[in-house]
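Following: one structure in structure tokens, then a few remarks.
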């Protein structure tokens, strides 16, 4: 009895599958038999294709260049442009070099040089200041005109006047303080043109060469000294030109 049931089940299975397939095919035939079926499928396909096109175009779109937008494209170096327009800030604002404190250096003579410990005996003896029986090494240079004429004394570097004083032996003195710990000192002056705390530019007239008791044998002359951090420096080694 059981064997007959199994045989009937095996025999009915293919028929059932075939019936399902036929039913599905009939459903599709009825669907496509509708008048609106093909237009609806067509519209769905169009919408799907357009959606894909918009998606890929949005992800693969290349931005327009400046030239395509009608903008002028400059190939100048930005740093050069900033420099020409004055926007850049120099690292070192001070571009001055120490100059001679006189207008016409070639018209004058150095009658006493800076005392150089490494110099020979002759140059050392010529760079000594003698006064009242004492001898002191020269910490600057002395300039004079061959005809003992007076001449203008100029600021060797831009700065601020920090001393205007008269000393009986050295005469009238002007001191100017500059950047980087530099100071310039001008002695044996007359006709002083500046005053305390005055800002001066390089080349400004500060006085005229005069005389003093310390070097009265020199006649009209200028004693000029340079200090950096209160240490005397040879002016001839710093002055350019």
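Every residue gets a Cβ built from N, Cα and C, even glycine.
It is 67-88, from the ranges 67-88, 89-110, 111-132, that TrEMBL records as region 'Disordered'.
According to TrEMBL, the feature transmembrane segment maps to residues 36-56, out of the candidate ranges 15-35, 36-56. Checked against TrEMBL, the range among 1-22, 133-154 recorded as region 'Disordered' is 1-22. Per-class residue totals from DSSP over the domain 'M23ase beta-sheet core' (140-235), listed helix then strand then coil: 4 helix, 51 strand, 41 coil.
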